[in-house]
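Everything on this sheet refers to the single structure shown next.
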Amino acid sequence: MTEAASNTEASAELPEPTSPSISMTPGTLLGIGTPGARALLYLFFITNAALLGMSIADYRTPLPAVAAFLVVSAIAPFLFVDSERPLPTKLALLIGSGPVLATAAISWEMPTHGWPGYASWHLGASTIMLFFLAMRGRIAIAWVSYLLMSAITIVWAVDVGQGIGTGIALTDRNAGVLLIGSLFGAAIGRLAQRIRNLSEIEVRRGAAISAEQVSVAQRGVRLERLEQMALPFLRRVAGGADPAEVHAEAVVLEGQLRDQVRAGVLAPALAEAVSEARARGIDVTLLDDLRDIPPSDVMDGLTAFVRGRLAEMTEGKLVVRLLPPGREIRATVLVSRPDEISDRYDFR
C-alpha cells in the first residue's frame, strides 16, 4: 500500500467535520427574512394605506401625500434585507432619507388649522422605519434623520401659524420610540459581537478536533503499516532464521521505514527500485523537504532518472532530495562512488 493510498483511506474513515453549534447570527437574532418579518412589513403597508385613505380629503393636494406613501413603501423593504449587521452605509443613508423626503413632501399639504390628526401619519410611519434602522445598527443615521424630520415639521408649524409648540408636540412623542430602538440596537450590537466571538472559538475548536482526528487516524495507519512490514521479519528472527539473510532483510526494512518518515512523496514512487538496490548493498537515502507533490513533469523525470541510475549501480551511495518550495531547483540527486567522486544532478 502506498503512502498516498493510505492517507486517502485514513481520511475516508474520518467522520465529517461538524458545523459550529452556535449558528445564530445578528440577522437570525432579529428575525430577518422570516415569515414574521414579512408579515410585519405587510402590516406596515396596510396601516399606512389605511391612514392615507382616511385622511386623503384633508390634504390641500393629495398627490404629494400619495408620493410620500410611495417613497416610504419603496424604502421600507430595505430594512429587511438579509445582510450582516450593521446595514451597509449607503443602504442606511437611503433608508434614512425616506422620512426626510416624505416629511418635506407632505407637510405643507396638511391642514393648517387645528390638530392634523391622521394627516400626519407619515411621522409615525417614519419613526417606525427609524426604529428598525437603529435596530439594524445605524443609530446615528436614524437620529439625524429624525432630527431633520422634526426640524421640517417645526418649520412647517411656524410657517402656517400654528407655532413651534405644535411642531414639537407632533414629533417629541416619537423620540421615545426611537430611543427604545437605539437602546435595543446597542444591546443587539454587543450581543452580536459576543455571538461572533463564540462562533470563532467554536470554529477553532472544531478545526482542532478535526486535526486531532486526522492525526490519530494517520498514526493508526502508520502503526498498521509498521505491523505489516515488521511483524513477518520479527517472526523470522524469533524462528531462528539465517543471520546473513536476516541482516540483509533488516537493512531493506530499516530503509523502508525511514523513507516513510522522511520521504512520504518519494517513497511510494521509488519503493520497488530502492528496495532492490538496498538488497544489492547500495546505500539509498530519500529526503523530502517539499512535503507536497511536485509538478508531474518534474516528478516523472526525477523518478525515471533515479530508477535508471539505481538499476546501473553495483555499489556506492545515492541521495534523492526534494527541495523546499520557492527555490528554482526542485530536486537534486547525488550519486557517490567508492572512489569518493560524486555526481550531482539538478531538476528544475
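Note: Cβ is positioned from N, Cα and C throughout, glycine not excepted.
Some features that TrEMBL has for this protein:
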{"type": "COMPBIAS", "residues": "1-13", "note": "compositional bias 'Low complexity'"}
{"type": "REGION", "residues": "1-22", "note": "region 'Disordered'"}
{"type": "TRANSMEM", "residues": "39-57", "note": "transmembrane segment"}
{"type": "TRANSMEM", "residues": "63-81", "note": "transmembrane segment"}
{"type": "TRANSMEM", "residues": "114-133", "note": "transmembrane segment"}
{"type": "TRANSMEM", "residues": "140-158", "note": "transmembrane segment"}
{"type": "TRANSMEM", "residues": "174-192", "note": "transmembrane segment"}
Applying the under-8 angstroms CB criterion, which one of 63-81, 140-158, 174-192 scores highest with the transmembrane segment (39-57)?
63-81
What else in the chain is close to the transmembrane segment (114-133), if you only count residues 6 or more beyond its ends and a Cβ gap under 8 Å?
44, 47-48, 51-52, 54-55, 58-59, 65, 68-69, 72, 75-76, 79, 87, 92, 95-96, 98-99, 102-103, 106, 141-143, 145-146, 149, 153, 166, 170-171, 174, 177-178, 180-181
What same-chain residues lie close to the transmembrane segment (174-192): Cβ under 8 Å, and 6 or more beyond its ends?
25-26, 29-30, 85-86, 123-124, 126-128, 130-139, 142-143, 146, 150
